[in-house]
Amino acid sequence: MSGKKPTAAPPTARLSRACVMIIVVASVERFAYKGVASNLVTYLTEVVEMSTSAAAKSVSAWSGVTSMLPLLTAVLADSYWDRYSTITASSLLYVVGLIGLTLWALLHTRMPCSTLFFPLYLISIGQGGYNPSLQAFGADQLDIGDDDDGGDNGATAATEEQRSKVKSLFFQWWYFGICSGSLLGNTTMSYVQDTVGWGLGFAVPAAVMAVSVAAFFCCTPLYKQRQPRAVHRKPCRDSVLKALKSLLASVTVARKITLPSRDGDDDTDIVSELELQEKPLKLADQKQEAAMGEAAAPSVAKIIVRLLPIWTMLLMFAVIFQQPMTFFTKQGMLMDHRVGAVFVIPPAMLQSSITVSIILLMPLYDTVVVPLAGLVAGHGKGITVLQRIGVGMVLSIVAMAVAALVEARRLRAAVSSSSGRRLSIFWLLPQYVLLGVSDVFTVVGMQEFFYTQVPSAMRTVGIALYLSVFGVGSFVGAFLITALEMATAAGGGGGGHDHGWFSDDPREARLDKYYWFLAILSCVSFVVFTHLCKYY
C-alpha cells in the first residue's frame with residue numbers, strides 16, 4: 001500500500017445553504033440601515049432644523065463611530081467570545097436602537113434634540129458587533145478548509161485556486177446582497193419618509209430587522225460552529241490585546257539586560273548560579289510558555305502594522321464614499337426633482353442609482369471584466385486584488401471631478417435664472433453611477449484583501465479593519481468640513497457663517513470647490529497607494 005495521504009477533492013465554486021442564508025440576512029440588515037442612514041441628513045435639516053454643515057458633520061461622525069466600533073468588538077469576538085454569540089447580543093441592541101429611533105420620531109415634539117443621538121448610537125453599538133461577526137461567520141461556512149492548516153504541498157497547490165475562487169465568489173455575492181438591500185432601503189424608505197411620514201419611515205426598518213434576526217436564529221441548525229483551535233486562540237488574544245505592550249517591552253528590556261563581566265567578582269557569579277538552581281522547574285516552564293506567547297505577539301502585530309499603509313491610503317476613498325449620504329443629497333434638494341406635474345423624487349432616492357449600477361455590473365465582473373483584464377495583463381486571475389482596489393480609486397476621483405462640474409453648472413443656472421428655474425436632479429446621475437462602479441472594484445477588493453491578509457483566528461479582526469477604513473474616513477471627512485468651513489468663512493467678506501463653501505444659501509455655497517479639493521487629495525493618495533503596492 002502506498003504511504004501517501006489521500007488527496008482531498010477540491011471544493012466546488014458554489015456557496016452552501018448557510019452562506020446563502022447569511023447573505024440574505026445581511027441584505028435585510030442593509031435595507032434597515034440604509035432606510036435610516038440614506039435620508040438622515042434630510043431629517044436633521046428639515047425636522048430637527050440643523051444647518052447643512054452641522055447635519056453633514058453629525059451624519060459623518062455617526063457613520064464614523066458605526067464603522068470604528070467593529071475594531072473593538074472584533075477583538076472581543078475573536079479573543080473572549082465567539083462569532084455566533086456576538087451576533088446574538090449585538091442584533092438585540094440593533095433592534096432596540098431602531099425601535100428607539102422610531103419612538104423618537106413619533107414623539108419628537110416633546111423630546112430634546114440631543115436625545116435623538118441616543119438611539120442612533122445604540123444602533124452603532126449593535127451594528128459594530130453585528131456586521132463584522134456576521135460576515136466572518138458567513139465566510140466560516142465555506143467548504144474550503146483552513147488556510148492555516150499544514151499539509152502536503154501538492155494537495156495545497158491543487159486546491160489553492162479553488163479556494164481563491166470560492167472566497168471571491170462569496171465576497172462578490174455578499175456585496176451583491178447588501179447592495180440589493182441598500183437599493184430597496186434607499187428607494188422605498190426615502191419615499192415613505194418624505195411623503196408619508198418619518199414615524200412609519202423608521203418603523204418599517206425596525207420591523208424588518210427584527211424579522212431578519214428571528215430568521216437567523218431559526219436557521220441555527222444549518223450553521224457550522226467553526227471555532228479557532230485552542231493553540232491559536234491564546235496567542236491571538238495576547239497578540240491583539242497586548243501588541244503595544246510587547247513592542248514597548250522589546251525596547252525597554254533590551255536596554256535593561258546586561259551580560260556579566262568576566263572581570264567581575266567570582267563570588268557574585270557563584271551566588272547567581274545558586275539562586276538559579278533554587279528556582280523550581282515549573283517557573284522555567286512558565287517562562288518558556290510566556291516566551292512563546294511574546295514571540296507570537298510581535299508577529300501578529302507585524303501583520304496589522306504591515307496593513308496600515310494600504311489602510312491609510314484608502315481613507316480618502318472612504319471620505320468620497322460618504323458624499324452620497326451628505327452633500328450629494330443636499331445637492332439634490334437644491335435642484336428640480338419633479339417628474340411631470342405630480343411625482344416628486346426624494347433626493348436621497350438617487351442613491352439607489354449607485355446600487356443599481358453595482359447590481360448590474362457585479363454579474364458581468366467575472367464573465368467580462370476579468371477575462372478582458374486577463375487578456376491585457378496576461379495574468380491568470382485577470383486582475384489582482386490590489387489592482388482591483390486601484391481601479392476603483394481612479395473611478396472615485398473621476399466621480400468627484402464630474403460632481404464638481406455639475407455643481408458649477410447648477411450654480412451658474414441658479415445665478416443666471418431670474419425665474420427661479422432650477423437644474424434637473426438627473427444631472428447628478430453620472431456621479432452616482434461612477435461611484436457605484438468604483439464600489440464594485442474597491443469595496444469588494446478591500447473585503448477580500450483584509451480578510452485574506454490575517455490568520456484564520458483573526459478573521460473578524462480582518463473584516464473590522466476593512467470596516468474601520470470607512471469609520472476613520474468619516475471622521476476625516478467631518479474634520480475636513482470643519483477646517484474648510486472655518487477657513488472659507490473667514491475669507492468670505494462679512495466673515496459670517498453663511499459665506500463659506502458650505503453656506504445654507506444655495507447661491508453662495510461652493511460645493512464644487514470642496515469636490516475638487518477631495519479629488520486632489522484622492523489623487524495624492526492614489527499615487528502613494530501605487531507605490532506601496534510594490535511591497536506587497
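Positions of Cβ are set from backbone N, Cα and C atoms, glycine also.
Please treat TrEMBL annotations as automatic predictions, because they have not gone through curation.
Database features (TrEMBL):
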TRANSMEM  59-81  transmembrane segment
TRANSMEM  87-107  transmembrane segment
TRANSMEM  173-192  transmembrane segment
TRANSMEM  198-223  transmembrane segment
TRANSMEM  303-321  transmembrane segment
TRANSMEM  341-365  transmembrane segment
TRANSMEM  385-405  transmembrane segment
TRANSMEM  425-451  transmembrane segment
TRANSMEM  463-484  transmembrane segment
TRANSMEM  514-533  transmembrane segment
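Long-range contacts of the transmembrane segment (385-405) within the same chain, counting only residues at least 6 positions beyond its ends with a Cβ under 8 Å from a Cβ of the stretch, are 310, 314, 317, 320-321, 323, 328, 331, 373, 377, 428, 430-431, 434-435, 437-446, 448-449, 452, 511-513, 515-516, 518-519, 522-523, 525-526, 529-530, 533, 536. Residues 15, 23-24, 26-36, 38-39, 42, 135, 138, 200-201, 204-205, 346-349, 351-352, 354-356, 358-359, 362-363, 439-440, 443-444, 447 of the same chain lie 6 or more positions beyond the ends of the transmembrane segment (173-192) yet place their CB under 8 Å from a CB of it.
By number of Cβ pairs under 8 Å, the transmembrane segment (303-321) is matched best by 463-484 from the list 425-451, 463-484, 514-533.
Within its own chain, the transmembrane segment (87-107) has Cβ neighbours under 8 Å at 29, 32, 36, 73, 115-116, 118-130, 133-134, 137, 198-199, 201-203, 205-206, 209-210, 213, 216-217, counting only residues six or more beyond its boundaries.
Each of 59-81, 425-451, 463-484, 514-533 was scored by its Cβ pairs under 8 Å to the transmembrane segment (341-365), and the highest score goes to 425-451. Non-local neighbours of the transmembrane segment (514-533) in the same chain are 309-310, 313-317, 319-320, 323, 327, 386-387, 389-390, 393-394, 396-397, 400-401, 403-404, 407, 480, 484, 501-502; each lies 6+ residues outside the stretch with a CB under 8 Å from one of its CB atoms. Distant neighbours of the transmembrane segment (59-81): 37, 40-41, 44, 90, 117, 120-121, 123-125, 127-129, 131-133, 136, 228, 233, 236-237, 240-241, 322, 325-326, 457-461, 463-465, 467-475, 477-478, 481; these residues of the same chain sit at least 6 beyond its ends, with a Cβ under 8 Å from one of its Cβ atoms.
Sequence-distant contacts of the transmembrane segment (425-451) (same chain, six or more residues past either end, CB-CB distance under 8 Å): 135-136, 139, 167-168, 171-172, 174-175, 179, 307, 310, 314, 317, 320-321, 323-324, 328, 331-332, 335-337, 345, 347, 350-351, 353-358, 361-362, 365, 385-386, 388-389, 391-396, 398-400, 402-403, 406, 409-410, 459, 462-463, 465-466, 469.
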